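Quick look at what TrEMBL lists:
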type	residues	note
DOMAIN	66-553	domain 'K+ potassium transporter integral membrane'
TRANSMEM	100-126	transmembrane segment
TRANSMEM	191-214	transmembrane segment
TRANSMEM	258-280	transmembrane segment
TRANSMEM	306-325	transmembrane segment
TRANSMEM	337-358	transmembrane segment
TRANSMEM	370-393	transmembrane segment
TRANSMEM	430-453	transmembrane segment
TRANSMEM	459-482	transmembrane segment
TRANSMEM	489-510	transmembrane segment
TRANSMEM	516-533	transmembrane segment
DOMAIN	567-811	domain 'K+ potassium transporter C-terminal'
Amino acid sequence: MVLVGFGDDDLPHRAVVDSEDEDNQEHRLIRTEPRVDSFDVEALEVHGAHRSDYEDLGIARRIIHAFQTLGVVFGDVGTSPLYTFSVMFSKAPIKGDEDVIGALSLVLYTLLLVPLVKYVLIVLWANNDGEGGTFALYSLICRHAKVSLLPNQLPSDTRISNFILKLPSPELERSLKIKERLEASLTLKKLLLVLVLAGTSMVIADGVVTPAMSVMSAVGGLKVGVAAIEQDEVVMISVTFLVILFSVQKFGTSQVGLAVGPALFIWFCSLAGIGIYNLIKYDASVLRAFNPVHIYLYFKRNSVNAWYALGGCLLCATGSEAMFADLCYFSVRSIQLTFVFLVLPCLLLGYLGQAAYLTGNLNGAEKHPFFLSIPSGIFWPVLLIANIAALIASRAMTTATFSCIKQSSNLGCFPRLKIIHTSKRFMGQIYIPVINWFLLVGCLVLVCSMSSINEIGNAYGIAELGVMMMTTILVTIVMLLIWQLNIIIVLSFVVFFLGLELTFFSSVLWSVTDGSWVILVFAVIMFVIMYIWNYGSKLKYETEVERKLPMDLMREIGCNLGTIRAPGIGLLYNELAKGVPAIFGHFITTLPAIHSMIIFVCIKYVPVPVVPQNERFFFRRICPKSYHLFRCIARYGYKDVRKENHQAFEQLLMESLEKFIRREAQQRQLESDGDEDADSKEDTSFSRVLVDPNGSVYSLGVPLLAEFRGSSNSISEASISEEVNPSSPASPSISDAEHSLERELSFIRQAKESGVVYLLGHGDIRARKDSWFIKKLVINYFYASLRKNCRRGIANLSVPHSHLIQVGMTYMV
């Protein structure tokens, strides 16, 4: 049942108990006749719901996007043949052909189970309206259960069209207990958020180690073609390539993806061609590696060394998480088809070909098996394509990192940064300059400090497995809570894949002392930054809620707010979603005049990808009509483009306000018509309405405002069109209502013509003197430093400085 009309923070009515006290009131549920003309039903109609950017593409555009998919999504997993066998055999040296067959079998089944079965066939479907990644999974779970610990979230957010859920059905009963358990336990909510932050920090760490590994392994092929090349020269060339790679990142996914897509297509064709050539020339019997018995025999012969080799084996599945995180750039179906019919067959042939070559060339070939298996006549062209493919692979994880950071920033878990949208058509294609150069510095440090491919490969495995395990846990929750799958299927998924990933993780952790601990330290630092930002933001918001101005005080001040009301509109920006912010008191006490109309604007993100424009603004009147005070919540999804011209923003805001006032007047008229019959039956109550999706309407009986005038309960912030006189008639005439409406709309237009000024309230927090030392350190230094250096929310609007007034306020917490 969907609550519309006058609930929590919804549209106003003549008088109502304050929303914050509603839970303490006793309501009576009364069945009424359907009201098809209800304003609230009309308010829920959505005509501009978000559609996929890929629905209207023609055949030519689909082919172009197929090449872009190769260049953006599959570069990482596509270059794994460059280093997988070399890292494996450095930990478990080859003793005979059977070791090659066993290692190949291990690689083949890892490739089939992790990228194909887990990600392509299962995880990709756990997307949040086309958005992938750990935060997309978290948002998806938050849409179906009240587990969010993010600030600024309101029950009204669930009434956004992209947020509305299906009605309960028998299939949902299996998930109700899990949902109730999650919603009731604060510990589980915190644990869920910690898992998401840990997964995101591993994605960022993966964005550092992927370019280093891919480029170093590709450039290392020069040592095969030119014997005089030393490792130092390989490092210097790799550094040059990395600088070039991150310098062209700003040109965007579409341009770069289209340019390098054909090159990666040639790379996959080269993998397949070289693999077929080696199978025919050397030993086609390696095909028996598809028999999983050879994995058992491999471990039986090599025992501990085979376990060490698992860390290298996992490298064949690197890039799996990038496929999911890069989902915002392309559709699920395009990624699945491209992987199954092009990427996977070429990778299988590439590994089979290397194994066939190794069976006939055991001496020294395990150091660079891929480059040594290339026919001499095409060595240099393939080396060139391999280096291009390595640069493409580096971009795959970089774009995934951009996407994850944007999601986490929009949901209050990462400091706000400048985000550039590189495509006018596809809003998911972004570039974050600060993160781009930060990743470059991290890559250069990693390459210069770890010159060995084996050490970098171990760090690569740690970062990749960390993300994989978090994804497995979150997808399991999705299966239980949202998909409502059979418990046997869910247990099979989590036990098998989490057990497999823990086995791999135990292998890479055993070698953490070889220098790969650096990537763990990096991930921990990113986790601490995100957790501190989330903790500080939540604490700041809760403090502002506690310090908000009482409505009784606002009414005592009067409609002039104790000062002169000058013509114009003041948009007071703050982070408070409910109530009048305390910082408004500073404005009315320090300024000689205040604008004739004040709108408290709270820009906040909700856990949906896109909010339709007709649902963008959520209005509510504060105090009586003569005060001309409104609260507006501008809601954005984490895929919404926030870079707006302030004039376009103002125009849309005013249009939405006028619609709100017109509908408010219509609703008052409907109520006044209904009150004539209601007063004869029950003089001490009026109706609040519950409308469920099947058209049935329920009424919640609430005591009249007059009964609460002398009580301690505060009166609602919700609008009252006029001062209500209990002795006055129940409703004005239609002509009086229309005249009042037109008078208010005319007042709004005149105020708009007088100009709009942005009143920015900057609230900061500091720990009290009696707080613990750790809290002082976190709040006064770490969080304060992050907030000082992050991007202000108003930066997304191109507002002239002459239209800005800023006031700061510090809260002691």
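Backbone N, Cα and C atoms are what each Cβ position is placed from, and that goes for glycine too.
The stretch in closest packing with the transmembrane segment (306-325), judged by the count of Cβ pairs under 8 Å and taken from 100-126, 337-358, 459-482, is 100-126. If you look at the transmembrane segment (258-280), the same-chain residues 6 or more away from its ends with a CB under 8 A from one of its CBs are 64, 66-71, 74-75, 78-79, 81, 286-287, 342-343, 345-354, 356-357, 373-375, 382, 385-386, 388-389, 391-392, 395.
Under the criterion of 3 or more C-beta pairs below 8 Å, with sequence separation of 6 or more, the transmembrane segment (337-358) and the transmembrane segment (100-126) qualify as touching. Comparing 100-126, 370-393, 430-453, 459-482 for CB pairs under 8 angstroms to the transmembrane segment (191-214), the maximum falls on 459-482. The average per-residue pLDDT of the prediction over the domain 'K+ potassium transporter C-terminal' (567-811) is 71, rounded to a whole number.
Residues 113-114, 118, 122, 307-311, 313-314, 458, 461-462, 465-466, 468-469, 472-473, 475-476, 479-480, 516 of the same chain, all 6+ positions outside the transmembrane segment (489-510), place their C-beta atoms under 8 angstroms from a C-beta of that stretch. Using the rule of three or more Cβ pairs under 8 Å, pairs at least 6 apart in sequence, the transmembrane segment (516-533) is not in contact with the transmembrane segment (100-126). Panel annotation: around the transmembrane segment (459-482), residues 114, 118, 122-123, 126, 134, 137-138, 140-141, 144-145, 174-175, 178-179, 182, 192, 195-196, 198-199, 202-203, 205-206, 208-210, 213, 311-312, 314-315, 317-318, 320-321, 324, 446, 450, 489-490, 493-494, 497-498, 501-502, 504-505, 507-509, 512, 515-516, 518-520, 523 of the same chain, lying at least six beyond its termini, place a Cβ under 8 Å from a Cβ of the stretch.
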